[in-house]
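Before any comments, here is the structure.
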Amino acid sequence: MLTFNKMKTTTCSLLICISLLQLMVPVNTEGTLESIVEKKVKELLANRDDCPSTVTKTFSCTSITASGRLASCPSGMTVTGCACGYGCGSWDIRDGNTCHCQCSTMDWATARCCQLA
(Lines of atoms letter the chains of each structure in order from A and count residues from 1; the text may use other names and numbers.)
(Lines give C-alpha, C1' and ligand atoms only; values in the text may rest on other atoms or scores of the structure.)
Protein backbone atom coordinates (compact mmCIF):
# COMPACT_ATOMS: atom_id res chain seq x y z
CA MET A 1 0.00 0.00 0.00
CA LEU A 2 2.88 2.34 0.80
CA THR A 3 4.47 1.73 -2.62
CA PHE A 4 1.18 2.45 -4.41
CA ASN A 5 0.75 5.79 -2.57
CA LYS A 6 4.34 6.72 -3.37
CA MET A 7 3.77 5.97 -7.08
CA LYS A 8 0.53 7.93 -7.03
CA THR A 9 2.28 10.94 -5.46
CA THR A 10 5.17 10.72 -7.92
CA THR A 11 2.79 10.50 -10.90
CA CYS A 12 0.77 13.50 -9.70
CA SER A 13 3.95 15.50 -9.13
CA LEU A 14 5.17 14.64 -12.62
CA LEU A 15 1.88 15.72 -14.19
CA ILE A 16 1.96 19.01 -12.28
CA CYS A 17 5.55 19.67 -13.43
CA ILE A 18 4.64 18.97 -17.07
CA SER A 19 1.65 21.31 -16.83
CA LEU A 20 3.81 24.07 -15.36
CA LEU A 21 6.44 23.60 -18.08
CA GLN A 22 3.77 23.99 -20.77
CA LEU A 23 2.72 27.29 -19.21
CA MET A 24 6.31 28.52 -19.27
CA VAL A 25 6.85 27.82 -22.99
CA PRO A 26 6.87 31.12 -24.91
CA VAL A 27 3.83 31.66 -27.09
CA ASN A 28 3.91 33.27 -30.53
CA THR A 29 2.39 36.69 -29.87
CA GLU A 30 2.53 37.65 -33.55
CA GLY A 31 -0.85 36.04 -34.08
CA THR A 32 -2.28 33.66 -36.60
CA LEU A 33 -1.41 33.40 -40.27
CA GLU A 34 -4.67 35.20 -41.00
CA SER A 35 -3.70 38.21 -38.87
CA ILE A 36 -0.23 38.33 -40.45
CA VAL A 37 -1.72 38.32 -43.96
CA GLU A 38 -4.22 40.99 -42.95
CA LYS A 39 -1.39 43.14 -41.58
CA LYS A 40 0.61 42.78 -44.83
CA VAL A 41 -2.42 43.68 -46.96
CA LYS A 42 -3.03 46.79 -44.86
CA GLU A 43 0.63 47.79 -45.24
CA LEU A 44 0.46 47.36 -49.01
CA LEU A 45 -2.76 49.36 -49.23
CA ALA A 46 -1.28 52.12 -47.09
CA ASN A 47 1.78 52.33 -49.36
CA ARG A 48 0.01 52.11 -52.71
CA ASP A 49 0.63 55.82 -53.35
CA ASP A 50 4.35 55.03 -53.46
CA CYS A 51 3.73 52.87 -56.52
CA PRO A 52 1.14 54.61 -58.67
CA SER A 53 -0.30 52.53 -61.48
CA THR A 54 -0.40 54.01 -64.97
CA VAL A 55 -3.09 51.53 -65.99
CA THR A 56 -6.60 51.52 -64.56
CA LYS A 57 -8.32 48.14 -64.67
CA THR A 58 -11.89 47.23 -63.91
CA PHE A 59 -13.22 43.89 -62.71
CA SER A 60 -16.61 42.98 -64.14
CA CYS A 61 -18.73 39.86 -63.78
CA THR A 62 -21.94 38.46 -65.23
CA SER A 63 -23.94 35.25 -64.91
CA ILE A 64 -24.78 33.13 -67.95
CA THR A 65 -27.60 30.59 -67.58
CA ALA A 66 -28.25 27.88 -70.15
CA SER A 67 -30.51 24.83 -70.36
CA GLY A 68 -28.81 21.48 -70.03
CA ARG A 69 -25.45 20.65 -68.46
CA LEU A 70 -23.18 23.31 -69.99
CA ALA A 71 -23.00 27.09 -69.57
CA SER A 72 -20.22 28.99 -71.37
CA CYS A 73 -18.78 32.43 -70.76
CA PRO A 74 -18.52 35.06 -73.49
CA SER A 75 -15.17 35.47 -75.21
CA GLY A 76 -12.54 37.07 -72.98
CA MET A 77 -14.25 36.08 -69.73
CA THR A 78 -13.28 33.32 -67.28
CA VAL A 79 -15.49 31.08 -65.13
CA THR A 80 -15.20 31.89 -61.42
CA GLY A 81 -18.03 29.65 -60.22
CA CYS A 82 -20.88 27.40 -61.32
CA ALA A 83 -24.40 26.51 -60.20
CA CYS A 84 -26.54 23.61 -61.36
CA GLY A 85 -30.24 22.80 -61.31
CA TYR A 86 -31.97 20.07 -59.29
CA GLY A 87 -29.71 20.83 -56.31
CA CYS A 88 -26.70 19.31 -58.05
CA GLY A 89 -23.48 20.40 -56.37
CA SER A 90 -21.13 18.43 -58.60
CA TRP A 91 -19.56 20.45 -61.39
CA ASP A 92 -16.25 21.19 -63.05
CA ILE A 93 -14.80 23.94 -65.23
CA ARG A 94 -13.72 23.04 -68.75
CA ASP A 95 -11.16 25.07 -70.70
CA GLY A 96 -11.49 27.91 -68.18
CA ASN A 97 -14.68 29.23 -69.75
CA THR A 98 -17.37 26.51 -69.49
CA CYS A 99 -19.27 25.10 -66.51
CA HIS A 100 -20.14 21.41 -66.74
CA CYS A 101 -22.76 20.05 -64.32
CA GLN A 102 -21.99 16.39 -63.56
CA CYS A 103 -25.32 15.09 -62.21
CA SER A 104 -27.25 12.64 -64.42
CA THR A 105 -30.42 14.75 -64.72
CA MET A 106 -29.92 18.45 -65.31
CA ASP A 107 -32.33 21.18 -66.39
CA TRP A 108 -30.04 24.22 -66.20
CA ALA A 109 -26.48 25.35 -65.58
CA THR A 110 -25.15 28.80 -64.67
CA ALA A 111 -21.62 30.09 -65.09
CA ARG A 112 -20.36 33.12 -63.18
CA CYS A 113 -18.05 34.83 -65.67
CA CYS A 114 -15.55 37.58 -64.86
CA GLN A 115 -12.88 39.59 -66.61
CA LEU A 116 -10.22 42.12 -65.73
CA ALA A 117 -10.16 44.83 -68.38
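Start at 1 and count along the chain as shown; that gives each residue its number.
The backbone N, Cα and C atoms fix where each Cβ goes, glycine too.
Annotation source Swiss-Prot lists signal peptide at 1-29.
Counting every protein chain shown, the number of other Cβ atoms lying within 10 Å of the Cβ of CYS114 (disulfide bond) is 14. The disulfide bond feature in Swiss-Prot is assigned to CYS61-CYS114 (among others).
For CYS73-CYS113 (among others), the entry in Swiss-Prot reads disulfide bond, with the evidence type similarity to another entry. In sequence order, CYS61, THR62, SER63, ILE64, CYS73, PRO74, MET77, THR78, VAL79, THR80, ASN97 are the residues of the chain that are 6 or more apart from CYS113 (disulfide bond) and have a CB within less than 8 Å of its CB.
Feature annotation from Swiss-Prot assigns disulfide bond to CYS82-CYS99 (among others). In the three-state DSSP reading, CYS99 (disulfide bond) counts as strand. Counting Cβ atoms from all protein chains shown, CYS99 (disulfide bond) has 25 others lying within 10 Å of its own Cβ.
All protein chains shown were included, and the count of other CB atoms within 10 Å of the CB of CYS101 (disulfide bond) stands at 25. Under the heading disulfide bond, Swiss-Prot lists CYS84-CYS101 (among others), citing similarity to another entry as support.
Using a 10 Å Cβ-Cβ cutoff, CYS103 (disulfide bond) registers 14 neighbours. Residues or ranges marked as disulfide bond in Swiss-Prot: CYS88-CYS103 (among others).
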Count, for each of the disulfide-bonded residues CYS61, CYS73, CYS84, CYS88, the other C-beta atoms lying within 10 angstroms of its own C-beta, and report the residue with the smallest count.
CYS61
Can you tell me which disulfide-bonded residues out of CYS99, CYS103, CYS114 are within 10 A of CYS84 (disulfide bond) by Cα, answering none if there aren't any?
CYS99, CYS103
Whole-number Å value for how far CYS114 (disulfide bond) lies from CYS88 (disulfide bond) (Cα to Cα):
22
